[in-house]
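Engineer: The structure's right below; bear with me while I get my questions together.
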Amino acid sequence: MTQLFTAAEIAALTGGRLAAGDPNAGVSGIAWDSRLVRPGDCFVALAGERADGHDFAAQAAARGAACVLAARPVPAGDAAVVVCPDPLLGLGRLGLALRSRHPHLRVVGITGSVGKTTTKEMTAAVLAERFRVFRTEGNLNSEVGLPASLAGLTDEHEAAVLEMGMRAPGEIAYLASIARPQVGVVTNVGITHLELLGTQENIALAKSELVRALPPDGVAVLNADDPRVRAMAAATPARVWFYGLTAREAADDAAAAPVATGTAGEAGTPGGRVVGWVTAENARPDGPMAQRFRLVCHLGEADVRLPAPGPHNLLNALAAAAVGLSQGLDLEAVARGLSLFRNAGNRLRLVEAGGVRILDDTYNAAPASVIAALEVMRGFAGPEGRCVAVLGDMYELGALEVEGHRQVGMVAARLTDELVAVGQLGRHIAEGARAALAGAGGGSAGAGFRGGEGPPEGQGPVAGGGTRLREVHHVPDNAGAIAWLKERLRPGDTVLVKGSRGMKMEEIVQALAAHLDRPQP
């Protein structure tokens, strides 16, 4: 492994001091979970809500950590111990030092309420047609994960695609100060983290920190279909590429409007210069887990086969295409890169067992992503197929917690045949579905869809004039869902399993697959 730092260098970079061990101890990686330490790592002792990393320094050393970065002296065997005022900020300084070693690296930062990780993977697939690409693994997008992941950069990398998440104002600005991106992508502004930021306007302001941090010769890639994201064109000093089904119109509107001179509360902020747009035409399914479309932009057109279903993935692909085109790739290379995309983790992963098709989308959940997954499920099953949706709690929705869950239930009533709502907040999903059933003969079914309206074209007959739902079941936990599903599923069913990461709903997928693969009595 390549040596990144010595213990003495870590002390100097973090404003700390060597409290124990060899100042020349070499570090080849960074870890913050003692269970994942590899020989040669620097273990960063972070104090969390449920555990304090300082209590695990000895275990990290036993696993081969060469150095421990801590806020106080800790027993760490033969490992060097560096004590600094704030290990979290120290980790950020190490990340900045790693980034600074690659001044010619093209860095793409990606943020948004949903779609960040998939857009990151698609963007990496596109850029790989021309560059040697580094990307963050999984969703290492926090003030911990992003700087630590930069330890994977090498001199061979020509581009990096980094996901940036946030839980509070200022976090994306902080991550941008470490990563120093030249390209920033904002996918959307939803209601995830509403509990922490209060309003969607505050979420938009926090997400816009990425495009505000871009240099004047950089590129902001903005979703024209989201009004809050489209408005960020006036908040960035960088050039702007719009993507989405309304991207051409957004570019035309920007060309006709006077140059913006400021945004809310910040007079004098330079307006973005719109230099490109990317949209899609003639999108249609290509089997259950892929789609084809015509990629159209101001530079020309190309046919694309994308191995990911659904309108939400179409938008993610357009974002990746805009990044690639802005970095000099031609349309054919962009189309080829998108065709080679492979999704990561439990994101609409197809599991087939006992004649049942399970869509494992347990990676995370927000109302918009759940609704998108429900639409994919129905398209996958076809108008006559029986669908079962297993939907769990969605966290951090703040004041819209009840409304967000109820809206998902109302949409589920239109797209699924049986609904299993899981968890304490899942009861609101069940309530929304029952309200849709009660209002299907007329009257309002609440936000999200109108009672009495039929299904979208091609989604087949529905029961009750606007719903096709036959049964709603609420269970308190995953075990209850597993027990119910074992009794109800039959060959030919399509099952969607989705909930927030903390719900650990992959347990349901694993249990069902094991049960269905066994010979049935």
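Placed from the backbone N, Cα and C atoms, the Cβ positions cover glycine too.
So TrEMBL lists the following for this protein:
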BINDING   G112, S113, V114, G115, K116, T117, T118  ATP binding site
DOMAIN    27-74  domain 'Mur ligase N-terminal catalytic'
DOMAIN    110-323  domain 'Mur ligase central'
DOMAIN    347-501  domain 'Mur ligase C-terminal'
REGION    444-464  region 'Disordered'
Engineer: Tell me which residues of the chain lie with their Cβ under 8 angstroms from that of S113 (ATP binding site), as long as they are six or more apart in sequence?
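Structural biologist: Sequence-distant Cβ neighbours: T187, N188, V189, G190, I191, T192, H193, I203, K207, A366, A368.
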Engineer: By a 10 A CB contact count over all chains shown, which of the binding-site residues listed here is most packed: T117, T118?
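Structural biologist: Ranked by Cβ atoms within 10 Å, first place goes to T118.
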Engineer: Neighbourhood of the ATP site (G112, S113, V114, G115, K116, T117, T118): other residues with Cβ within 8 Å of the Cβ centroid, in order?
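Structural biologist: Close Cβ neighbours, site residues excluded: I110, T119, T187, N188, N316, S369.
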Engineer: Count the residues of the domain 'Mur ligase N-terminal catalytic' (27-74) that DSSP assigns to helix (H, G, I), to strand (E, B) and to coil, and report the three numbers in that order.
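Structural biologist: Per DSSP, the residues of the domain 'Mur ligase N-terminal catalytic' (27-74) fall into 13 helix, 14 strand, 21 coil.
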Engineer: What is the Cβ neighbour count of V114 (ATP binding site) at a 10 Å cut-off, with all protein chains included?
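Structural biologist: Around the Cβ of V114 (ATP binding site), 23 other Cβ atoms lie within 10 Å.
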Engineer: For the domain 'Mur ligase C-terminal' (347-501), provide the mean pLDDT of the predicted model.
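Structural biologist: Looking only at the domain 'Mur ligase C-terminal' (347-501), pLDDT averages out to 83.
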